[in-house]
Amino acid sequence: MARAFSYLLITFSFFTVVSLAQSSPSASLLLPPPHAGSLPAMLLPLFLSPPNASRTSSGPRRLLQRSNARMGLYDDLLLRGYYTTRLWIGTPPQRFALIVDTGSTVTYVPCSSCQQCGTHQDPKFQPELSSTYQPVKCNLDCNCDNEKVQCVYERQYAEMSSSSGVLGEDVVSFGSLSNLEPQRAVFGCENEETGDLFSQRADGIMGLGRGDLSLVDQLVDKGVVSDSFSLCYGGMDVGGGAMVLGGISPPTDMVFTDSDPVRSPYYNIDLKNIHVAGKPLLLNPRVFDGKHGTVLDSGTTYAYLPEEVFLAFKDAIMKELHSLQKIRGPDPNYNDICFSGAGSDVLELSKTFPAVDMVFSNGQKLSLSPENYLFRHSKEHGAYCLGVFQNGKDPTTLLGGIVVRNTLVTYDREHSKIGFWKTNCSELWERLHKSGAPPPMPSAPNGKNSTAEIPPTLAPTKAPHYVLPGELQIGEITFDIIFNVSYSDLEHHITELAKFIADDLEVNPSQVHLLNFTPNGNDSLIRWAIFPADSSNYISNATAMNMIARFAEHQVELPGTFGSYKLVRWSIEPLAKRTWWQQNYPIVLIAIIGTLLIGLSASGMWFIYRNRQQKLTAYKPVNAAVPEQELQPI
């Protein structure tokens, strides 16, 4: 299921959320289909239960030992329209890739009994293989199936997508990042999917909204985490990121704004103005308080502003871009505002595009980099387009995931506030020291940072096995991968396979090298190496982590003819420190050749000069014999 890419009029509809404690109406924020040529899009917005349905009124929380679950994020906001995380359900654990959805109050995955579920990233959940699974039996607080045996759920969306199934309870594990013990939780076991839910690559949804079935709420009610969670989305060039279920110690320079749960059914922030290049937009602050106010929805792709705000923002941006040329957008069906001539280096964009500040009612400011309001033009190199659009005639201000790229966003529901901290989300585990981030992986004895694939455990405590220690300049990444295709069947398709891998990792095929290819029973074991591009001396940490994560988490998409694969081992070679001779031998060779050429030229010129001098001063002795001259006829 892809998130919303388009920027047309936002509509609102209401549907019923079935819970164990009660059934209450809730709002759903929906966007129309995406740009032509992109994946189908569906927006699952942020959702808050009405104040009178809040869990806090049901009694005090149990004060147990609290921890948190640290989980990696994968995929890319603009390419797929969503971010996913990994969740393991059952005993033994069955793994699922779930869309991180702050607008859903139910976590659900396809069930083995589902006859109308699409083909997704992982196999369907098989309750019969889990020794800890229990169905949620029909009771007065839930909707029941026709036989009045089991609780059921149903989610419907305006663009005709839907998910329905039964409710079950099982052990949920949070992966190798988490120091939170596995917990029993209620989730949906899908029996039917339609629309985008059917066609998406991700397996299902992880619900982070407020409600009795929300995974966050269930963990909070157990007293194992505080009433808070955090998301950190990757930047323009690097996808992925991090998520924390439970509280963290906020950095001292984190910027906070109030988030009043009574104000609207969505996570809102108290925005009062926007500054462009240090200059405030000439707007009445109340313009940001229309209808649902200013809604922060990390599941929406772009940002959508009321008409008055959008026009002022667009004009202020364009006044600062004197050196760039305005061009047409990548999709002729939309009037995107795009500019060429800015270059391809994201770090250099701030020299061309102005800084933007969001000013909150408490006087604090959140500074936005160009990557927080731009997206790359897909058809012209070095061109960018505004990722901020007019929200039709809707007075709601909707801030999507693009606004919080490379920003740690903490949803502190316990204290009704939201915090923002600018950081490199792909390296969050190394930078967020105050939250007790896991230590880096130790180096292997051979000097390489190497590890076999780590299976999910019931008490994971380690850092992700593809987090690299420190900032390295990497000269080579090696992967040992098993394909469940026989050696003889795969032998003649190695070159084709290398090209598919290069395309999926977005590297040049010349960077992918085959090191070893051997049979492994009925499978094939292949060792690949990826080297830096010709235009670069090394591979960055973030790029290497992204490549390793894609293999480790089965994100590399290959045609079915290559079967399935498993990452057995990976290793990295830091860029070797070159000797003085290795660093300077081209210059030395050029100097030697130049000296030889100059010497040979000088020698040649001296030889020619000597010959000429000899001819000019040549003489004949008096008694020298002189040949007779032939007389010409008269």
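In case you wondered, yes, glycine gets a Cβ from its N, Cα and C as well.
The Cβ of Asp101 (active site) has 27 other Cβ atoms within 10 Å, all protein chains considered. Look at TrEMBL and you will find Asp101 (among others) tagged as active site.
The annotation active site is assigned in TrEMBL to Asp297 (among others).
The annotation domain 'Peptidase A1' is assigned in TrEMBL to 83-421.
Taken from TrEMBL, the feature signal peptide covers 1-21.
Residues or ranges marked as transmembrane segment in TrEMBL: 585-609. With a threshold of 8 Å between CB atoms, no same-chain residue lying at least 6 positions outside the transmembrane segment (585-609) comes near it.
Residue pair Asp297 (active site) / Asp101 (active site) shows a Cα separation of 9 Å. If you take every residue in the domain 'Peptidase A1' (83-421) and average the pLDDT, you get 91.
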